[in-house]
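These notes are about the structure you will find just below.
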Amino acid sequence: MSINEEDYLQLEKEIKLDDIDFSDLEEKYEVNIGLDNYIIVDGAPIAPEAKVPVLIKVLRKLFSQVGEIVEGDEGIYMPLENGKSKGYLFIQFKSTESADLAIKKLHGKKLDQNHRLLVNKLSDMEKYGVDGAVNEEFIEPEIEPFQSHGYLKSWLQDEQGRDQMVLHFSETVGVYWNKKSADPEPVIEPRKGFTSKYAKFSPKGTYLFSIHPQGIQSWGGANFNSIKRFFHQQVRLVDFSPNEKFMVTLSPIPISLPDSTVDRAQFPFGPESEGHKLVIWNMITGEPVRTFALPPHLEGQKEMPWPLVKWSYDDKYCARQGPDALAIYETESNFQLLDKKLVKVDGIQDFEWAPAGVKLHNSKAVDGKHVLSYWTPESTNQTARVALMQIPSREILRTVNLFQVSDCKMHWQSNGKLLCVKVDRHTKSGKTIFSNLEFFKTNERDIPVEKLELKDVVVNFAWEPNTERFITISRLDDGNPNPAIPKNTISFYAPEVTKGGVNHNSKKKGGAAIAAAVAAAAINNQSSTKYKAYTKIENKHSNTIFWSPKGRYVVVATISRTSGELEFFDVSFDDETNKKSLPANVKLLKTDKFSGMTNISWDPSGRFVAAWSTSWLHAIENGYRLYEFTGNLLRDDSIDQFKDFVWRPRPPSLLTNSDKKKVRSNLREYSAQFEEADAMEADAAVKEIILARRKALEEWRKYRAKHISKQGNSKNEVQAEIIEEIKEEIIEEKEEIVE
């Protein structure tokens, strides 16, 4: 039956299409017009039409690594113009996820030396490429107002010259003033949840850092206000450059770029950092300046050697050790490799920068040269070697060949004049270990090396700051490792100069004269210097050495799970009964037992020593003790769940040598002032008496000045003034009981 047009139109009017459900058909025949699985790649090479198929093949192989590309010409389209490609192309992936991954992984990828690929979604190009989508009128960016954090070195202005310390107990962290035997005075209110792991000061004490799952937070100023945030998820280890310009962080979790474009814009890392775990930060801007992947041999290690990045004394260079090579970077050239290549050192085991500029013989450099030391083990056709290298020239200044070497440890003296290499050697049978000490004298011609051969194994070595004296702890390798038997020997070494150095028959006595003689020997660069153990203490459990930062005083301690002991020594003791003047005159000042002790630290002034037991290792006598440099116990504070004690470092003194000389000449006057201040702080009654006397004296001076001005300048009167000063001193006190 046929229907004419008129009837069809009438029927169409009668049928209500809105009542019919077409959803199944719409879903079945839906046309996908979305562009989310398309990307546009810019920065590709401009190639002749004949070479375009080869270029497409290369790019297809590259982008297929992140996802499946549609086959044929629909998968990759590269426009041509005048017989050449136009430098960009379109790629269609089979899924949106593959397109997102391509942008995340390959944006910024260097195809070769001259071409870097820029990858974006086609939908973004369409979004921003349409006329009017982007405002062409320049809008001045809003600059955030400067936010002052106060004076970052405000603690140095303390009138009493006190040092600050961090006490970490339970979940609370507090910063306190050291008040000797009295309760520490809080600088700010202690904060609960201040850090999720530990708190740490920068090397000069300017910043305090807290560790969090999201990264690191820096604090500073008088009230420890928030300064910068450094985003690095699950960071574990932190280190700093000596001058506080840079910070290094390490996380076990590799860096992963966010999927969201908005989040990626706020993310501090770019595609080149994908998968990296080690980050160097600029501490001023808070931005990452370089990231690194961990070397393959360190991946999966439970105990990570730290630091992985080591710095020159002035922050100008930093270096990383890799397999058979050193990577040295110039911080002033955006952390580019020195000369754009690695320093090849086959088998390198360890390296250390000189902690100060090395003034090489006949060098006119005021600040000294950058020098690092490294060692390599024995191989089939080569001996073990220790070498000194100058940077940036890479010149090898000195090399020493060593035989039958088990291990080496390099110890630079604080001013860079000496390097001691502790060489653990084995006998031909390999059953016995003993140590040699190799001393490199960097200031002398050709850098001579003095050798000190020992029969014992040196388990610890430490230089006295700024001198040639040092201490070793050693033991005889007799095959009996029983820790209950005290077998360690503490040896105090000093230079024995045989020609024009230390004068052993000097008429000047005392520690000051001895220290001056030792310093003179170092300055005179006597190549005939030998090192002699002036004092040995045998049969000890001692295993650690802690020199005062000012020298002369040292704590030799036993730190173990079962026992703890501190021994305080003066290595320049003024002994008037001893007529001999020696480079080292050692006196045991005090001994104290501290079971459960885990750590020891000197304050920056060298006046106080803190020892503590941390709950991070065990629950035995958690808390801390505070000692004077002579070993007198000032404070014993047991604190449940005590975790850490951190002194706040101080920057180097700004005083010139003439200023320091002036202070030393007026030391008695300053000592009297300090003793008065100590007496006031220790006893409230004494404080009231002293303040009352000061007030009375000030009133008398005002009264006297007032009446002298009234008398005028009379020539006929003889103006005489008698001032009586009475000093009371208690010589001796005795208490007698009268029955």
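Yeah, the Cβs are placed from backbone N, Cα and C, and that goes for glycine too.
Features as listed in Swiss-Prot:
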type: DOMAIN; residues: 37-124; note: domain 'RRM'
type: REGION; residues: 1-98; note: region 'Sufficient for interaction with HCR1 and TIF32'
type: REGION; residues: 1-224; note: region 'Sufficient for interaction with PIC8'
type: REPEAT; residues: 190-229; note: repeat 'WD 1'
type: REPEAT; residues: 231-293; note: repeat 'WD 2'
type: REPEAT; residues: 301-339; note: repeat 'WD 3'
type: REPEAT; residues: 343-385; note: repeat 'WD 4'
type: REPEAT; residues: 453-502; note: repeat 'WD 5'
type: REPEAT; residues: 537-579; note: repeat 'WD 6'
type: REPEAT; residues: 592-630; note: repeat 'WD 7'
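Mean pLDDT of the predicted structure over the repeat 'WD 5' (453-502): 87. If you look at the repeat 'WD 6' (537-579), the same-chain residues 6 or more away from its ends with a CB under 8 A from one of its CBs are 459-467, 469, 471, 473, 483, 486-490, 492, 509-512, 514-515, 585-602, 604-606, 609, 611, 613, 618, 627, 629-631.
The stretch from 190-229, 231-293, 453-502 with the most CB pairs below 8 A to the repeat 'WD 3' (301-339) is 231-293. Long-range Cβ contacts of the repeat 'WD 4' (343-385) within its own chain (Cβ-Cβ under 8 Å, at least 6 residues beyond either end) map to 242, 310-314, 316-317, 319, 321, 324-328, 391-392, 394, 397, 399-405, 408-410, 412, 414-417, 419, 421, 440, 442-447.
Secondary structure counts, DSSP: the repeat 'WD 1' (190-229) has 0 helix, 21 strand, 19 coil.
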